[in-house]
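Just below is one structure, and these are the notes that go with it.
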Amino acid sequence: MKAQRVSLWLVAAMVFLWSVRARGLRRCLISMDIHPVEETFQEIKKTIQAKDTFQNVTILSTSETLHSIKPSDVCCMTKNLLAFYVDRVFKDHQELNPQILRKISSIANSFLYMHKALQRCQAQRQCHCREAAINATRIIHDNYDQLEVRSAAIKSLGELDILLAWIDKNHQGTLAA
């Protein structure tokens, strides 16, 4: 009887610790509704993708880079991808159409907001970067660097739907309504 209580207590303690850890990870996930960002991108997708002259090249989905990311690396990979878009893609893209530029700026501001939230989590040591996430990020940067800067920016903007779908899938249930 006493052994059953001890084992039951151990199981309960393990479940409790796991749930606390899971809640800690959830705090580092995106706390905004990604769907308006997706809708904004859908409004400009055809225009952006029409400028893409390298239809057979991909930056984000090469060798299943995003699909191979483990749940423990989602926070880091999301932070790295948001930084990649904020620091490189949005800065490298030169848009002449003011309506398209406004929508891209809106997406960039949303990415910056999400990136800063994940940076705070990393500062609190709740968003660890393991080797797999670092390698996947390196592959994406290498793919980007293989193209001329403007072409790479257009290609990456045209692949926003891949990134947004990945964020949505990996942050399900954690987005604000």
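All positions are counted from 1 along the displayed chain.
Quick reminder: no glycine exception, Cβ is built from N, Cα and C everywhere.
Unlike curated entries, TrEMBL annotations are predicted automatically.
The feature signal peptide is assigned by TrEMBL to 1-22.
TrEMBL lists Cys28-Cys121 (among others) with the feature disulfide bond. For Cys121 (disulfide bond), the Cβ neighbour count at a 10 Å cut-off comes to 19, with all displayed protein chains included.
For Cys75 (disulfide bond), the Cβ neighbour count at a 10 Å cut-off comes to 25, with all displayed protein chains included. Positions annotated as disulfide bond by TrEMBL: Cys75-Cys127 (among others).
Taking a C-beta cut-off of under 8 angstroms and a sequence separation of 6 or more, Cys129 (disulfide bond) has the following same-chain neighbours: Asp73, Cys76, Asn80, Gln122. What TrEMBL lists as disulfide bond is Cys76-Cys129 (among others).
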Distance check, please: Cα of Cys75 (disulfide bond) against Cα of Cys121 (disulfide bond), rounded to an integer number of angstrom. 9
Tell me the Cα distance separating Cys127 (disulfide bond) from Cys121 (disulfide bond), rounded to the nearest angstrom. 6
